[in-house]
Amino acid sequence: MKGRIPKKNGGSVVKGNKKRGTNKSSIEHDPFFGSDSKKRRKLGYKDEDIDSGESEEENGLDLSALENGDEEEDKEELLDETAGEKRQRVAKTYLEKLRAITRKQEEEEDEEGDDRGYEREGERDSLVAQKLLKQQLEESGRLRRTIASRIQKPEDVDRFEILVKHRQSVTAICLSDDDSRGFSASKDGTILHWDVESGKREKYQWPTDELLKTHGAKNPEGRATKHSRNVLTLAVSTDGRYLASGGLDRHVHLWDTRTREHIQAFPGHRGPVSCLSFRQGTSELFSGSFDRSIKIWNVEDRAYINTLFGHQSEVLMIDCLRKERVLAVGRDRTMQLFKVPEESRLIFRSSTSSLECCRFIDNDEFLSGSDDGNIELWGIQKKKPMYIVKNAHALLADLKNPDQEDNGRILNGHLGGNYSSVYSWVSSVTVCRGSDLAASGAGNGFVRLWTVESAKGIQPLYDLPLAGFVNSLEFSKSGNFLVAGVGQEPRLGRWGRISSAQNGVALLRLKHQ
């Protein structure tokens with residue numbers, strides 16, 4: 001597939017005899033960085049350059065996001081820099097940053113009278129290595145962070161605050177990888193780019209139909225006379241450079257987040273584009289549609305890659321982590337895990353209802369929400385849910401007053417009777433990646449936080465009042481805040497309405513112990 005660099009098992013011969021400038025840093029003494037790199041245009045890797053059996057994409061270290069600009073005199077060298085030399089340079093920069101942070105912490109401890117300072121540089125490097133290993137295990141999903149137990153119970157003043165307002169129902173939100181910026185879209189086609197701290201927003205301008213055609217868009221099909229602006233889904237790349245949007249016009253639109261300009265339109269789907277997801281750390285984009293297919297794109301090359309088939313009805317939601325795997329749910333009562341390199345898939349069946357949303361917890365476990373109000377915890381080793389919370393968003397009041405609170409009472413989710421309605425559908429779920437903290441939303445007047453553990457299943461944590469249909473949810477990477485996209489109507493239709501709700505993006509800051 002495009003974008004993949006093959007690994008070489010044997011040593012390679014390096015052409016040229018011009019050495020690069022030496023670095024006087026202490027890293028030069030490390031044998032890992034002791035090899036003399038040469039300028040070359042062909043890729044060559046030695047066996048000793050590979051320190052782990054996993055690829056950088058799978059072990060969770062995204063070194064490409066840590067690049068910094070070099071000085072003017074190094075520009076000519078960077079032009080001839082190979083991929084291996086680039087990774088080595090970025091790794092050195094990252095290690096120096098970690099060492100500087102560790103050194104600063106030691107200085108602060110010394111100022112407070114703590115005599116536990118390190119006497120040797122090697123001990124500091126050992127601490128840096130431990131931090132790197134812990135970060136790798138957390139991001140790859142092999143070590144789950146404990147966040148839920150440290151979240152303090154929200155007080156009466158700790159409520160969702162409307163950060164950004166929209167005219168119509170918000171259908172999708174997403175956060176940049178550093179959690180500093182957010183993006184939201186609504187049914188009227190408005191796409192907003194906003195700052196998480198200040199709430200300052202900027203609007204994306206749709207191009208004319210003539211400009212859309214030059215960017216690759218095809219003429220509208222069916223009864224439509226022009227391209228619909230109704231946006232159903234958003235996704236932002238890991239490096240924060242590209243924003244992808246999809247909607248009723250059956251195209252995947254690509255935007256430049258720096259200029260907020262439209263740069264490409266990908267045709268090919270025969271139905272509305274209902275979901276998008278970038279593969280972490282890459283330029284690969286997955287798109288799901290009502291035409292029952294999932295397509296793969298390379299946004300860097302502006303190219304189509306492949307199409308995945310398997311669902312027998314509309315694809316409603318997809319999710320992807322760092323591996324070449326995509327998780328998808330549809331109205332055919334199945335959740336499917338597509339393994340792209342192996343060209344295979346795993347099918348997980350829901351016995352009672354249509355699955356509306358899904359999220360990876362890590363590479364081996366995932367959550368789903370259904371239109372009967374249930375939330376399911378799945379494992380890759382079983383075809384049936386490991387744990388089910390029934391009636392997770394049961395109505396607490398009459399539908400004419402959906403804003404009524406539950407006076408702080410936490411329901412266990414296992415209520416008798418039939419509470420299923422359009423207001424209790426689980427319309428969105430989200431997970432703080434690599435942790436035990438999850439959240440779900442519906443139209444019954446609150447967002448619910450959950451503790452997810454493999455041994456104990458899904459346990460209720462807190463209820464957070466929020467009026468309206470919660471069409472999208474996102475945690476920050478640190479778990480410090482939760483963002484919700486709220487609307488008066490559901491994301492994919494108009495079969496319900498809560499007139500008292502405020503269309504917009506709501507933010508809740510979570511306090512940790």
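Indices start at 1 and increase along the chain as displayed.
Here the Cβ of each residue, glycine as well, is placed from N, Cα and C on the backbone.
Pulled from TrEMBL:
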type: REGION; residues: 1-86; note: region 'Disordered'
type: COMPBIAS; residues: 48-60; note: compositional bias 'Acidic residues'
type: COMPBIAS; residues: 68-82; note: compositional bias 'Acidic residues'
type: REGION; residues: 104-124; note: region 'Disordered'
type: COMPBIAS; residues: 115-124; note: compositional bias 'Basic and acidic residues'
type: REPEAT; residues: 163-204; note: repeat 'WD'
type: REPEAT; residues: 224-265; note: repeat 'WD'
type: REPEAT; residues: 266-307; note: repeat 'WD'
Residues of the parent chain within Cβ reach of the repeat 'WD' (163-204), under 8 Å, 6 or more residues beyond its termini: 65, 228-236, 238-240, 243, 245, 247, 255, 257, 260, 262, 469, 471-474, 476-478, 480-481, 483-491, 502-507
Residues of the parent chain within Cβ reach of the repeat 'WD' (224-265), under 8 Å, 6 or more residues beyond its termini: 62, 64-65, 171-178, 181, 183-191, 193, 202-207, 209, 211-212, 215-218, 271-278, 280-283, 285, 287, 289, 295, 297, 299, 302, 491-492
Secondary structure content, the repeat 'WD' (163-204) (per DSSP, counts of residues): 0 helix, 23 strand, 19 coil
For the repeat 'WD' (224-265), mean pLDDT (0 to 100): 90
Number of helical, extended and coil residues in the repeat 'WD' (266-307), per DSSP: 0 helix, 24 strand, 18 coil
DSSP-assigned states of the repeat 'WD' (224-265) in counts, ordered helix, strand, coil: 0 helix, 22 strand, 20 coil
